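S.K.: Handing you this structure, nothing more for now.
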Amino acid sequence: MSDYKFTLNLPETEFPMRGNLANREPEMLERWTKDGLYQQIRDSRIGRTPFILHDGPPYANGSIHIGHSVNKILKDIIVKSKTMSGFDAPYVPGWDCHGLPIELKVEQKVGKPGQKISAAEFREECRKYAAEQVDGQREDFIRLGVLGDWQNPYLTMDFATEANIVRSLSKVIENGHLHKGVKPVHWCTDCGSALAEAEVEYEDKTSPAIDVAFTAVDSKAVAVKFGVSDYSHSVSMVIWTTTPWTLPANRALSISPELDYSLVEFVKDGVTHAVILADVLVEACMTRYGAESHSVLAKIKGAALELVRFKHPFLAFDVPAILGDHVTTDAGTGVVHTAPGHGQDDFVVGQKYGLEVANPVGDNGVYKPDTEFFAGQHVFKANDNVVALLKEKGALLHHVAYRHSYPHCWRHKTPIIFRATPQWFISMDNHNLRKQALSEIEQIQWIPDWGQSRIEKMVENRPDWCISRQRTWGVPITLFVHRETEELHPDSVSLMARVANRIEQEGIQAWWDLDAAELLGEEAEQYRKVTDTLDVWYDSGSTFASVVAARPEFHGHGVDLYLEGSDQHRGWFMSSLMISTAMTGKAPYKQVLTHGFTVDGKGRKMSKSIGNVIAPQQVTNKLGADILRLWVAATDYSGEMTVSDEILNRSADAYRRIRNTARFLLANLNGFDPKNDLVAVEDMVALDRWAVRRAAALQQEIIEAYEQYNFHIVTQKLMQFCSIELGSFYLDIIKDRQYTAKQEGHARRSCQSALFHIAEAMVRWIAPVLSFTADEVWQLLPGQRDAYVFTQEWYQGLQSITLDTDLSDAYWENLLTVRNEVNKVIEQARRDKRVGGSLEAEVTLFADATLTEQLTHIGDELRFVLLTSEAKVLPLVDATSDAVETELASLKLVVNATTAEKCERCWHHREEVGTIEAHPTLCHRCVTNIEGDGEVRLFA
C-alpha cells in the first residue's frame with residue numbers, strides 16, 4: 001500500500017479537531033482589537049442603509065451575570081446578521097452610571113455626603129467607582145465575542161450625555177408635561193427617597209389585618225337613610241385594612257355607588273352592634289367577628305350614603321363617606337379606609353372631594369413630632385400600638401395576622417410605604433400623554449406579540465411619573481422656583497439650555513457650583529435652585545435623544561430595535577416611550593424584542609443561596625464563549641431560558657458536530673484554488689449540484705430566520721444540514737471520489753467546488769453565532785479574501801440551478817431513503833458476521849418499475865451512493881426467498897459477501913483486481929485515476 005498511499009488525496013488542514021476555545025478565543029480577540037476589526041466593519045458599510053439597535057444600558061455595578069450575557073449575545077447576533085445582510089449596523093454599548101446602588105457602595109467606603117466628605121467630593125468618588133465598574137463589565141462583554149465601539153461607549157455620566165439629559169427634560173417642560181405636586185409615591189425609608197415603579201418588587205409580608213368601626217356622627221339619621229326609624233343603637237361603618245399605621249392620615253371612607261350596603265345588627269359577647277357592610281360580604285364578616293346572631297335590617301345603594309359623616313376612631317374630627325370606583329368586594333367589608341397621603345387610589349378620589357393630603361410620616365418612616373399618640377415611632381413598629389389604641393377605644397372588631405404580597409425596595413429588600421411628598425411629575429393626562437403613548441404602541445412591532453398588550457395595560461393604569469429623587473449622585477433637575485409662589489421661572493427652558501452648556505463642559509457638578517445670580521441677576525433673591533435629582537430611569541429612558549440623536553455614527557436615523565429582558569416593559573421600554581412621546585409625540589423605537597429570564601435545569605431562578613448560579617466567566621474559561629453563544633442562539637428566548645452544566649455540555653456536543661463539518665470541508669479543500677479550479681455549477685457532477693442547490697435553499701431559510709430573530713431555527717437548520725444532508729449522506733458518499741479520484745480531474749474538482757461553495761456559505765451562516773469559530777474557518781479557506789468574515793455579506797456564489805436534465809431534490813431524497821434501508825440490512829449482516837465493512841458487501845436491490853427506473857438511471861454509480869462494491873437492480877417480482885423486506889413496499893434487499901479481490905488503493909472489491917499486469921493489486925478505476933485522464937463521474 002505504501003507505493004499507492006501517496007497517490008491518494010488525503011484530507012489535510014491546520015484547523016484542529018478540538019476547538020480549545022477557552023485558550024484560543026482570547027488570542028483571536030487580541031488580533032481583532034489590534035486590527036481594529038469594529039472600524040473595518042464600519043468602513044465596509046459606509047453609505048449603506050442604517051439599522052440601529054440601541055443598547056439598553058446595564059447598571060455599572062458588580063460583575064455581569066448570565067442574564068447580561070444572554071442579552072449582549074442576542075444583540076450581537078442581530079447586529080452581525082444585519083451587517084451580513086448589507087446594513088450599516090453600528091453597535092454602541094452603554095452603561096447606566098448614576099443612582100442609589102452606586103451611592104450606597106461609595107457610602108460604605110467614604111461615608112455619607114456632608115459628613116466626612118463634601119457632596120462634590122462624593123460625586124467624584126461615585127464617578128470613579130462607576131468608571132471602575134464599567135471597565136470590569138466591558139472586559140467580560142468583550143470576552144463573549146461581542147463586537148462594538150468598546151473604546152467609545154456611551155455612559156450616562158459622560159458630560160455630554162448629562163447635558164443632553166437636561167436638554168431632553170427642557171423639551172418635556174416646553175411641551176407642558178411637567179408639574180409639581182404633593183402626591184403619594186413609593187417611598188423607601190431606608191433609601192430616604194421616592195422609588196420608580198421599576199424599583200419596586202413584591203414579596204410576601206405578614207401584616208395586622210384589622211376591622212375598624214367608624215361610628216356615625218348621627219346614628220339615627222343614618223338609620224333613617226336605611227328606612228329604619230327611631231333606631232336606638234350606635235351605627236358604625238366598618239373598614240378593613242392591613243396598614244393600621246395609615247389610620248392617623250385617614251380622611252374619608254370610600255364606598256361603591258353601585259353596591260348594595262346592609263345595615264346589620266349582630267350580637268357578640270351579649271353586646272349588640274349595628275354596622276354598615278357591603279351586602280355580599282355580610283356573612284363572611286359575621287363569621288370573622290364571631291357573631292352569636294345577626295340580622296340584616298335593611299339595604300340601600302352606596303350612592304345614598306355619600307357625604308354621611310363618621311367619627312375618626314381616635315382623633316378628634318369626623319370624616320365623610322365618599323364614592324369611589326376603586327372599591328371592590330374581593331376581601332374586607334366593601335368600605336375602604338381612605339388616606340390620600342398614603343395611596344394612589346385614595347389620592348385620586350380625595351382630589352375629587354377636596355380632601356386634605358395628610359402626611360404625618362417623615363422621610364425616615366417615623367411619625368412627625370406633632371402626630372398625636374404616635375410621635376417619634378416608626379410606622380411599622382407603631383402598627384401594634386395603633387391596634388392597642390383601637391381596642392382601648394372600642395373600635396376594633398377583629399384583628400388577625402395576615403400574609404400577603406407587599407411592595408418592597410428592590411435594593412434593600414425591605415417593605416416600603418406610600419407617602420405624600422412634594423415631587424416633580426410627568427403628567428400622564430394633562431396633555432394627552434397617555435392617549436398618545438397608547439396610540440404609538442399600536443405602531444410598534446412587539447416580539448413576542450404579547451408584549452403589546454402587556455405594556456398597553458401598564459400605560460393605561462400607570463400614575464403620573466414621579467421623576468424627582470432626593471439623592472446626591474444624579475443628573476440635577478436644573479430648575480429655579482419662586483421662593484413664595486413655588487412657580488417655575490418663566491424663562492426655564494432658555495435657562496436650562498444655558499445650564500446644559502455648562503454641564504457639557506464641567507459635568508453635573510456645574511449645577512451645584514452655580515451661583516443663581518450668574519444666570520438670574522437681580523432676580524436671584526426671589527428664586528431658589530431645585531436640589532432634586534432625576535430618577536435614573538429618566539437618564540436611561542432619554543438615551544434615544546441624549547445618545548442616538550447626538551452621535552454621528554447613528555446618522556440621525558432613529559432607533560429600529562430595543563432588545564431587553566421581559567422586566568423592561570415597565571422599565572426601560574416604558575420610560576423611553578414616555579419621554580419620547582412627551583418630547584416628540586412619537587415612540588423612540590420601531591421594534592421591541594424581549595427575552596425571558598435564565599433559570600436552572602429545574603426551572604428555578606439563579607440564586608447564590610441555592611448554589612445554582614452559572615457565571616458566564618466560568619463558562620468562557622472552561623468551554624469557550626462560542627459554546628455559550630450557541631446555547632443562547634439555540635434556546636427559544638421568548639420564554640424562560642434554561643441553563644445548567646448538562647445543557648451547556650449538550651451545546652458543546654452540538655458545537656463539535658458543526659466544527660467537525662467545518663474541518664471536513666477545509667481538509668478536503670486542501671490544494672484547491674478557486675481562481676483556477678472552480679467548476680461551474682452546471683458542469684458539476686449531479687450530486688454536487690444537488691448539494692449546492694440544497695445549500696442555496698437552506699441559505700434562504702437561514703437568512704429569513706435571522707431576519708425574524710428566530711435564532712433557534714437557524715441553529716436547528718444548521719445542525720440538521722451538518723448531521724443529515726451533509727454528514728449522513730453527501731460527505732459520506734463523496735469521500736471515495738474525493739480521496740481516490742485524479743487530483744486535478746473533473747470528478748474531484750467538481751466535488752471540491754461544491755465543498756467550497758458550501759464552506760463559503762456556511763462560514764457566513766455561523767458568523768453571527770459562532771463568531772470565533774467562523775473567524776478561524778475564514779482564515780483557512782482557500783482563495784483571496786478580505787481579512788474578516790464579519791465585513792462580508794451573505795454568500796452570492798450559491799445558485800439554485802435547475803437543469804432540464806437534472807435529478808430533482810425528490811430523486812436524491814428517495815435515494816437517501818433507499819440508502820438508509822441498505823445500511824440497515826448491511827448492519828444486520830455485519831452483526832451476523834457475514835460481512836465486515838460495507839465495501840465487502842454486494843447488494844441486490846429488488847425494486848418495482850418506478851424505483852428501478854430511478855436506481856438504474858445513475859448506472860454503475862449507484863454503488864458509490866450505497867458505499868458498496870457492487871449494486872445490482874432486479875425486478876421486485878424476481879425477489880428471492882432470502883430477500884429482506886424493507887420499510888419501502890417497492891424494495892427488497894439481499895446482501896452477500898463479495899468474492900472479488902480488494903483493491904489496495906480504494907478498498908473496493910472488484911473482479912478485475914489481479915488482472916492488470918502493471919498494477920496487480922488495483923482496480924481499473926484506480927489505474928485510470930493514477931495513470932490516465934481520471935475516472936468520469938456524471939451522477940455521484
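Cβ coordinates come from backbone N, Cα and C, glycine included.
Just lifted these from Swiss-Prot, have a look:
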- Glu564: L-isoleucyl-5'-AMP binding site (BINDING)
- Lys608: ATP binding site (BINDING)
- Cys903, Cys906, Cys923, Cys926: Zn(2+) binding site (BINDING)
- 58-68: motif ''HIGH' region' (MOTIF)
- 605-609: motif ''KMSKS' region' (MOTIF)
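Would you situate these features in the structure and describe their surroundings?
M.R.: In the three-state DSSP assignment, the secondary structure recorded for Glu564 (L-isoleucyl-5'-AMP binding site) is strand. For Glu564 (L-isoleucyl-5'-AMP binding site), the same-chain residues that are 6 or more apart in sequence and have a Cβ closer than 8 Å to its Cβ are Gly56, Asn71, Gly571, Trp572, Phe573, Thr594, His595.
Close to Lys608 (ATP binding site) in the fold, though at least 6 residues off in sequence, lies no residue with a CB less than 8 Å from its CB.
Secondary structure at Cys923 (Zn(2+) binding site), taken from DSSP and collapsed to helix, strand or coil, is coil. In the structure as shown, the Cβ atom of Cys923 (Zn(2+) binding site) sits within 10 Å of 28 other Cβ atoms.
Sorting each residue of the motif ''HIGH' region' (58-68) by its DSSP state yields 3 helix, 1 strand, 7 coil.
Using a Cβ-Cβ cut-off under 8 Å and counting only residues 6 or more beyond its ends in the same chain, the motif ''KMSKS' region' (605-609) has close neighbours at 65-67, 597-599.
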S.K.: Helix, strand, coil residue numbers for the motif ''KMSKS' region' (605-609) per DSSP?
M.R.: 0 helix, 1 strand, 4 coil
S.K.: What three-state secondary structure does DSSP assign to Cys906 (Zn(2+) binding site)?
M.R.: coil
S.K.: So which one is it: of the binding-site residues Cys903, Cys906, Cys926, which has the fewest other Cβ atoms within 10 Å?
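M.R.: Among the binding-site residues Cys903, Cys906, Cys926, the lowest count of other Cβ atoms within 10 Å belongs to Cys906.
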